[in-house]
Amino acid sequence: MTLPRQCAAACRTGGGGGGVVRCRAVAAAGGAVAVRDAVVAPVARRGAARKTAETVAGMWREVQGCGDWEGMLEPAPHPVLRGEVARYGELVGACYKAFDLDPASRRYLNCKYGRERMLEEVGMGGAGYEVTRYIYAAADVSVPTMEPSTSGRGRWIGYVAVSTDEMSRRLGRRDVLVSFRGTVTPAEWMANLMSSLEAARLDPCDPRPDVKVESGFLSLYTSADKTCRFGGAGSCREQLLREVSRLVAAYSGGGEDVSVTLAGHSMGSALALLSAYDLAELGLNRAAPVTVFSFGGPRVGNAAFKARCDELGVKALRVTNVHDPITKLPGVFLNEATAGVLRPWRHSCYTHVGVELPLDFFKVGDLASVHDLATYISLLRGADKKQPAAAAADAGGVLAKVMDFVGRRRGGGALPWHDAAMIQMGGLVQTLGLI
């Protein structure tokens, strides 16, 4: 029997009962012995065993990438995997629906709802997760506007949640979820537009100066705003490490199987990957596998960053639209495809991390939504051509508010170069559905 690569003994695809027989395949090479478990069903029970294996609970480790999704993406994504990835996309979409873009609101640029009822308020009360903490991020960049003091202020960037008991039974484990929204504020746009590489230095034992990431993403992840009024004191990194480590310790200490899933769209997928790398450097993935589901995500770091993520066992599934320009950035010219040719600059070449799940938005005839999260989800759900437009309409209110927000930030006494930059950003948002 062929097993997904790198699953090893940790990968379990079925329970111990129901007529399923475990066999142990022992492979020895150069004195090293690797023991792998395979699930073999008796002929008389083959149908029942297959039914068990093709549930989320029966194959959750494969869904989380224990075998690098080998055999699960071609010729078409496995239906269980496709459904799970779409579900995580919807949990990311909740961030957009809950984000407050009303300048008259006291929660302006923060979440509109308290964490106890946020998912219910955005129509996802049955998602099976309980939000345990909100996450805030502040970019350490200056944006000259009428309100320069707000450039580096912390903004609501997403949330941490944990699966309920009922959902955990369906999933086959306790799932700790971190969900990130994409780019909205001017400071975030400026952080996105920064293309220089900077040493991450997130390994507490070794600075690893060769492991570099995009400086804007690193700033969003590590900069702190101690004045944040909604409990976001400390950097995005500090908030996440405290909460995720607390949840993993609480549930794994109780004997449960636990997973850590980080999901994000656009800029949020970059933060998800940075967080996953950080958690793995600190060894948290020894207690719980760490997986990233990225939607329309840009490149984050260089080849050394990718190599270190691979070495640490960080699993990342990149859901991309083959026509989405954001997934080609940064590193339009200096990337994994040109590193071999541009050897003197190979350490400055951006490199994608993980396995790609490509989608083709042209097939739905909706060319204006090349970066739209709703269209990503519709294609994953196997929707027909009429549904992506309807799904995108659900996010239309958010897009309109973003455009209104961008327009207001252009007005007044903004500097000319900033005004031009905001016009370009607004055009990109309107054209590509960047929210």
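Each residue, glycine too, has its Cβ placed from N, Cα and C.
Taken from Swiss-Prot, the feature transit peptide covers 1-31, and the record attributes it to sequence analysis.
Taken from Swiss-Prot, the feature motif 'GXSXG' covers 264-268, and the record attributes it to a curator's inference. Sequence-distant contacts of the motif 'GXSXG' (264-268) (same chain, at least 6 residues past either end, Cβ-Cβ under 8 Å): 89, 92-93, 95, 157-158, 179-183, 188, 191-192, 217, 220, 292, 294-298, 326, 371, 373, 376, 434.
What Swiss-Prot lists as active site, acyl-ester intermediate is Ser266.
Secondary structure at Asp324 (active site, charge relay system), as computed by DSSP, is coil. The feature active site, charge relay system is assigned by Swiss-Prot to Asp324 (among others).
Here Swiss-Prot flags His371 (among others) as active site, charge relay system, drawing on similarity to another entry. The 10 Å shell around the Cβ of His371 (active site, charge relay system) contains 26 further Cβ atoms across the protein chains shown.
It is Ser266 that, of the active-site residues Ser266, Asp324, has its Cβ surrounded by the most other Cβ atoms within 10 Å. Across the residues of the motif 'GXSXG' (264-268), the predicted structure has a mean pLDDT of 94.
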